[in-house]
């Protein structure tokens, strides 16, 4: 998908479809009024028929209006001006996209420059529009014998005021990169687990390191992990015939000597629960348990597309959690890379086991801050549903940076407490720590566990169990979240 920014008049723009906003009660904005004048009042005449009222997401497609170079005009309702927020804006853009992607002509022009979205300037409004349109074109049909028909829509023209053109161009460029990262994340998540295993993810990382400059790859195999004393990680991977690994990607786009930011992703490519076996219903969706690792790779891809001037290290904790004669048992005690011992009471609480050793390994990079991303707990879905990611950590400034990034990127998170009182739930009579803390506050106690291994740097934990994929039905599939949040967080570190 190509995005082109122009400061041309809407009435003189040659395009297959010109998209114009329509406010509540058929209110035409300044741009739409100029188009109405150029077409000898054709818009006003069409509105008198009462086919559209301007409510959010309503559409009316008009053909062959006089005086215009556009073949069609699509009116899209934006509702009441004082109620148009990011959520409504998404509804508006998706409504337009639903129409234009089924039309011929190959292009469409958005003339939305006079629309005001609460809390968003022209840059932020445009960036969200481009992300929605690009992500809305996503198709996953790699394993279909009959592929989807090629999309007719190939180019989007973004009309803007001359004074805002530079900002809109930057928005389109950044949004396109984020959408590319989201698509990569979605592809990895949607792949079947017999294809996407730890070695496959390492191969994907290798291809990424070869495709872009400034990237260094290191894959820590199980032999190396044994040498490092990664007993918690190996306790998870030992039940599978697929060997586990920690994938380390270093991108040095910033100044030499600047400490890097670090992203750590949970990459459990299939989670049966191990000996603590999950129920069979819905287990197929446990291929998405590598959503944290996939989103870290997707974020890195967005960073590489933009060649951001930042130093970044990405670590993926990749393993399968399978039952077998060699699998870890409930009650086993292992020694982590940090030297702390863990009593494994439930083998289905495996994500924190691979993450704790990976978080310890991250210390050697002396990071400015570490953000780990994981489909960690079902409890987070109970608490926050599928709209919002859970956020916890040991540094208030970092937490606020991530919350703000989520708001800016329309990919929101919500902070949960990490009070010391919760730590007591992880007490074990036989080891330093247990890997579960009972039925209460599951998301919090999982983060409490990770906090034991993150004392040497500012750290935050994103629980994306509810946001990484859409469960069941025709819309089932990976979402690409939280690539927008993470990319925005890194952009803010540069711009800040």
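From the backbone N, Cα and C atoms, a Cβ is placed for every residue, glycine too.
Keep in mind the model is a prediction, meaning the values are calculated, not measured.
Swiss-Prot names 266, 271, 289 for binding Mn(2+) 2. Of 343, 350, 363, the residue it gives for the same site is 350.
Of the chain residues outside the Mn(2+) 2 site list 266, 271, 289, 350, 236, 268, 286, 290, 319, 321, 351, 354, 374, 375 have their Cβ within 8 Å of the site's Cβ mean position. Classification of residue 271 (Mn(2+) 2 binding site) by DSSP places it within a strand.
Most buried of the recorded positions 266, 278, 352, judged by other Cβ atoms within 10 Å, is 266.
Most buried of the binding-site residues 271, 348, judged by other Cβ atoms within 10 Å, is 271.
Cα of residue 266 (Mn(2+) 2 binding site) to Cα of residue 348 (Mn(2+) 1 binding site): a span of 14 Å. Residue 289 (Mn(2+) 2 binding site) is surrounded by 28 other CB atoms, counting those within 10 A of its CB over all protein chains shown.
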